[in-house]
Every structure is written in structure tokens, then in C-alpha cells.
Amino acid sequence: MAGGTLQDRSEEEDVRVGVDRFPERQPIGTAADDLGRDYSEPPAAPLFEASELSSWSFYRAGIAEFVATFLFLYVTVLTVMGVSKSPSKCGTVGIQGIAWAFGGMIFALVYCTAGVSGGHINPAVTFGLLLARKLSLTRAVYYVVMQCLGAVCGAGVVKAFGSALYESAGGGANAVSPGYTKGDGLGAEVVGTFVLVYTVFSATDAKRTARDSHVPALAPLPIGFAVFLVHLATIPITGTGINPARSLGAAIIYDNPHGWHGHWIFWVGPFAGAALAAVYHQVVLRAIPFKSSAHY
């Protein structure tokens, strides 16, 4: 009877879920992919998916991106204006407060929109995920258009509150600061966006989600914190772009030649940084292109 009981137990289905199903320790010399072999990599998204165009969820996601980017520009540009108008920086939140405004808004907005659109709120993030085949080209283009429109509207509302103050504060537009070259600015944007998009890939990694059930709920936190840290580092250099929609919206509403000086940096830099992050995570760390379905 004892032997039969042990046999029955050995044949029982493993009903453990979440982190309890995987061993805590990883033997030296083994790859992380050896853990949790029941995981299957999601299939790559098609470049064009016609069925999306007839789905309400597709348009709803774009609306969510528009509203999120609108709110992002509204709060962050207002914060920049509040700091700029004060004669004494000691009486304002300063650079740290500006960084918290950007990072905090990304944290809140990603949390709110992740279940609807994925919570991109940034063409560079969308571009990186497109390169990783996480979404279709159709959806990526739609997202970028809605993000840019939301950014323009958000900055426009801020300017409507006080045009003179908005103009004197530079409209929150990005520009390379005196003492730095365009190469410095481009490098800062590339590295800053790499940090952000790499964090996005790591925080939303489907394999980690399969292993640790708490990962999706915590994803907005490291993403927002990455934005905060990058702003602390690069506000003195470029005002921190790392988001082409944010840079475009502020430049259009500011409507000043200064806002367009070196504007290409805030598109080329973020897109290059996003591409590097996608390659690093998907090819170097996960080696997805070199795997076959038989390995999962």
C-alpha cells in the first residue's frame, strides 16, 4: 500500500503555480532558458493585419495613447513652466521635481493604459517593440500618429493658460544646452532611450511573466523610475527628450526657431536607442532569432 501510495503521488499532476513551480537556484553553467521549459515564445506579430482595422479595440487603443500622451505633456510642461517662472530655484521643485513629474506620469499612465494599448506613450517605445515584432506595422504607425497628436494638444492647452509665460519658459521644447555639442546631445538621447526601452523589454518580458505572476503588475514601476533617472542625468544636456512625440508637440506649439534647432536629434537619438535596446534584449540576451520552436 505504501509503495502504491508513493507511486500515485509521483504520478499526480504538478498543480503548483507561479514562482513555486520553478526552482530558486540555477546550477552553475546552465542557461536561464533551461528553467521553465513549458514556456512558449509568443508568435511574431504580422507586419500588416487587416482584421485590426475593423476592430474597435484597435481604435480604442489609439485613443488611449492619445489621451495618455496628452496628459503626459500637460502635466510635465506645466511643471517645467512652474520651475522656469520662479526667480529662485530654491522656491521650486527644481530639476528633481521635473524628473519626478516625467517619471511619475509615465508610471501612472503606463499603469492605466497597459491593459488597453500596452501603455507605450512614446514613439521610441513603439518602434522598439515593432522591431521585436511585438505589434504590427499598422498598429505602430497608428500609435505614433496618435501619440504625436496627443502631445501637440497637451502642449497647446498649457500654452492657452498663459502664452507669455509659456514663451518665456521656452515652451518646454528640447534643445542642446550651451557648452554641449550636437554629438553630445545625440549621444545623451541614444543612451537615455536605450535605458528606457531596455527597461520596457525587461519589465514586460513574456518569459518572466510566465515565471513570476507579479511581474505584469509591477512593470509600470521600473519603467517610470527609468524615466526619472534618465531625466536627472540628461536634463542639463538636452532637457531630456527620449520621446519624439513629447519633443515634437512642444516644438510645434512653441513655434519658435529655437525649438526646431537640432530637432532631428530628438528623433534620430531615441529611435537609434530603441533599436539598440531591441537588438540587445531580443538577440543578445534572449537569442530569440537563433531559437527554434523545438527549444521551448
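If you go along the chain as it appears here, the first residue is 1 and each next one adds 1.
Any Cβ shown, glycine's included, is placed from N, Cα and C.
What Swiss-Prot annotates here:
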type     : residues : note
TRANSMEM : 63-83    : transmembrane segment
TRANSMEM : 98-120   : transmembrane segment
TRANSMEM : 141-161  : transmembrane segment
TRANSMEM : 183-203  : transmembrane segment
TRANSMEM : 217-237  : transmembrane segment
TRANSMEM : 265-285  : transmembrane segment
Who are the long-range neighbours of the transmembrane segment (265-285) in its own chain, taking Cβ under 8 Å and residues 6 or more past its ends?
-> 122-125, 127-129, 131-132, 174, 176, 182, 185-198, 200-202, 205, 238, 241-244, 247-248
Residues outside the transmembrane segment (141-161) whose C-beta sits under 8 Å from one of its C-beta atoms, at least 6 past its ends, are 58, 61-63, 65-74, 77-78, 81, 117, 120-123, 126-127, 135, 171-172, 244-246, 248-250, 252-254
When you scan the chain for residues with a C-beta under 8 Å from the transmembrane segment (98-120), skipping those not six or more beyond its ends, what do you find?
-> 60-62, 64-65, 68, 71-72, 75-76, 79-80, 83, 126, 129, 135, 143, 147, 216, 219-221, 223-229, 231-232, 235, 240
